[in-house]
Amino acid sequence: MALNKSMHPRNRYKDKPPDFTYLASKYPDFQKHVQTSLVGRATVNFKDPEAVRALTCTLLKEDFGLTIDVPLERLIPTVPLRLNYIHWVEDLTGGQGSPRSGIDIGTGASCIYPLLGASMNGWYFLATEVDDICYNYAKKNVEQNNMADLIKVVKVPQKTLLMDALREESIVYDFCMCNPPFFANQLEAKGVNSRNSRRPPPSSVNTGGATEIMAEGGELEFVKRIIHDSLQLKRRLRWYSCMLGKKCSLAPLKEELRKQGVPKVTHTEFCQGRTMRWALAWSFYEDVTVPSPPCKKRKLEKARRPLTFTVQGPTAAELHAQAASIGRAPATPAESVAAWLEKILTDLKVLHKRVPSGDSELSLLLTAVENTWVHVRQKRREQGRQLRELPRAQPLPGGSPQPGSALAPASTSTDDGSAQAAADDAPEPHGDGKKPDRPQEPERGARDCTESPSTATPSAHVRGASSPKVSLGPCLAPCFLFKCLLNVTLEESNVVVEMHWVEGQNKDLMNQLCTCLKNFLLRQVAHMKTGVFMPFGRWKGIYCELLR
């Protein structure tokens, strides 16, 4: 069930799909449609209309105490999809368990929306139907479930939507629901001219009658007619809603509502099994609460989800055993990992401080003012190369070196090691090959405030410089790349590190730093195990072993 995880959170089938084996043992009418695969899994043929009808009737009886009859020549509803729609109407009206009144446009033979709404929440329904067969079955289903006091089924003329149905009604309804005919003609219903050739054929059977699955202009024109009725009824209903079978219908309908000046509009997705549907709702009331569309919900959930990596138990124990080498004596592996992370952050010049946290975790607030964790070795090589290319000062006539000469002769050695040491002990040269005369120039600080993170220059002091740190000026103070909260938690024998975004310019930078911290920790353990400091490319095997 590919889409079940995206069902409405309150849908009872989201985390617990129907148990066909149990249902077959309890309901003989359903048992004869259940097949057992070679691996012992109970399955149902969804292309068999009798099997689909048996499943729907069984689920309604088992989970809701409802008994219905549906003819094979009319639409057989699937329960999870209809339940998704009911739960969304609950979200729109705030009516979960509260008395509400609604209209079901084209209730169908099953009358499933009113039966579910009345049995779950005690809602009152006006259910309309144009088809004689559907009308008779709907009335029978309401009566045999003793719901006549909550559900009123009325027969209306063809093409009647809301205006004619409410002509003799005076009450204000809380909502209307509609599962409109999706298709404009038989060819479209069969998928001849509307279905992408690359899509697989439908996995279920379509048993709907002509009035249930086809309408002039398809679902787009059908819903536009409901919008036209709503513009005349306006506040007679608090919420108008329709389900859509095609995503391409959503945008033009939202545009139509925008053109008509409708103040409140929202939409959602109904996900179940291998089927997705969409729904649109609008209101002329300013005080209604509008649920967030699913795309915004996913973005918010994604934004709240932290970056996480796990330091496995043996790796955490090794870091704990070697914590004394950095002048720490932590009591737990989690504290050891936090201590190593603080050392790495200090080396990377990422500002950090401990903040109050829960009893079982350690928290650090990080502020990154420059990107020091990407291409570190390449940057150091480039600094060494620039130092080697610095021009020597011309000697004075007396033979003494010129005051303020750029470098002593020894620093021009071509040996990589000496150049590396020089890069560690000297300030970074300017682009013109000369050292800065002052620790910081005001003009440069002003430029740094306007530069993007991708073009920002490295800091004036490289790692390991012995000169004192230069305090940030008033212009540089607010110019940070990002802030995040780093949590270290002990879970059984493993240590989990989480990074929560707080604010900043680019979340990709936090992702890069997270990867860098993980690599530094594992690289440190590899160094402890081998006693040899290896470049990244040569410790991949040990790295993979530590992740197991």
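The backbone N, Cα and C atoms fix where each Cβ goes, and this holds for glycine too.
In TrEMBL, annotation is done automatically, which means it is predicted and not curated.
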Residue in G40, G102, G106, G218 which TrEMBL records at the S-adenosyl-L-methionine site where R82, E129, N179 also bind: G106
For S-adenosyl-L-methionine, whose listed binding residues are R82, G106, E129, N179, the greatest C-alpha pairwise distance in Å: 18
Cβ-Cβ neighbours of E129 (S-adenosyl-L-methionine binding site) (radius 10 Å): 25
Assigned conformation of G106 (S-adenosyl-L-methionine binding site) - DSSP reduced to three states: coil
Neighbourhood of R82 (S-adenosyl-L-methionine binding site) by C-beta distance under 8 A, where only residues 6 or more apart in the same chain count: I112, Y113, L116
Number of helical, extended and coil residues in the compositional bias 'Basic and acidic residues' (381-391), per DSSP: 8 helix, 0 strand, 3 coil
